[in-house]
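S.K.: Before I ask anything, let me first share the structure, which is written out below as structure tokens.
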Amino acid sequence: MSKAPVRVAVTGAAGQIGYSLLFRIASGEMLGKDQPVILQLLDLPQAQKAVKGVMMELEDCAFPLLAGMIATDDPNVAFKDAKVALLVGARPRGPGMERKDLLTENAKIFTVQGAAIGQYADPDCKVLVVGNPCNTNAYIAKEVAQKYGRVPAKNFTGMLRLDHNRALSQLAGKSGREVSSLKNLVVWGNHSPTMYADYRFVKSNGDSVKDLINDAAWNKDVFLPTVGKRGAAIIEARGLSSAASAANAAIDHIRDWVLGSNGEWVTMGIPSDGSYGIPEGVIYGFPVTTENGEYKIVQGLEIDEFSRERMTVTLNELLEEREGVKDLLA
């Protein structure tokens, strides 16, 4: 018997990332090749015409798994009964805009969306925030949604998978190993240049990649800055931000969360439970394994002095961001 369709809400549906994302969701890449979907597309009133154009293209693909679509500028409609919500739309940073202004502008958006999810989404809705600053935007949505007592805090996540995939690619290039052979990468912290991609545990066909590379200076001076500033490098080269790679990471994040990571470590920005000394509730990148729609933090990893230093720097940035929006959540 065929499965009942799953409602997937996508915000910023007319944007660059949305355009790279929607066709892959409709083709079954995210939830499986046997899972029909209904797309519930949210964007601003002035973007509705563009969303209609994207819907026309989706129709023209004749995807067997696309069971329906709606477009709306009302979050309450977009999130109604959604089992998966991809919060892609966010206010981009404009010229001369301070980071704190960006936080304030986005806090308004994610307060509204958190409330709509809290009231109208499926009680087990899995939420991924892609729009930056994604950890703090996810924190805002989570905090607001908790007021309604329906969707649990653990279901609100931020996207660290793009950093994870970027780091894998750099490690494959440096070690000369195939990217698919690399296991046990960790990305700690905030999705920002402070993130800490930690390859001390990475194995390739049983070999330690840290030993293969054996270059502490490369780690500190080349690898971490390259991964941390990759987004800026892409804007510099392309004139536009990374959209296809961000969409790809979102697909990876949800697919592994819903369908399981088969024992492999993946990175998700999740509300901390206090593990590794990270204060509870902060949305922080952790290594997790996923099974039956649940994630579990990989425990017992040794944290050396350099790692603790880097983990603290990225934590402090998150605490500062949280401080910057706390009045808006009062």
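Using the three backbone atoms N, Cα and C, a Cβ is placed for every residue, glycine included.
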S.K.: Quick one: which of Q113, Q119 does Swiss-Prot put in the NAD(+) site with G12, A13, A14, G15, Q16, I17, G18, N106, V130, G131, N132?
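M.R.: The record-listed residue among the candidates is Q113.
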S.K.: Closest to R166 (substrate binding site): which of the recorded positions G12, Q16, Q113, G131, H191, going by Cα position?
M.R.: H191
S.K.: Consider the recorded positions R93, R99, N132, H191 and say which one has the Cα lying nearest the Cα of G18 (NAD(+) binding site).
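M.R.: Considering only the listed recorded positions, the nearest one is N132.
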S.K.: If you compare CA-to-CA distances from N132 (substrate binding site) to each of the recorded positions G12, Q16, Q113, H191, which comes out shortest?
M.R.: H191
S.K.: Restricting to the record's NAD(+)-binding residues (G12, A13, A14, G15, Q16, I17, G18, N106, Q113, V130, G131, N132), give me the longest CA-CA distance in Å as a whole number.
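M.R.: It comes out at 20 Å between the most distant Cα atoms.
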S.K.: Any idea what the Cα distance is from G12 (NAD(+) binding site) over to R93 (substrate binding site), rounded to a whole Å?
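M.R.: That separation, Cα to Cα, works out to 15 Å.
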S.K.: Hey, how far is R99 (substrate binding site) from Q16 (NAD(+) binding site), Cα to Cα, in Å?
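M.R.: Spelling it out, the Cα of R99 (substrate binding site) and the Cα of Q16 (NAD(+) binding site) are 22 Å apart.
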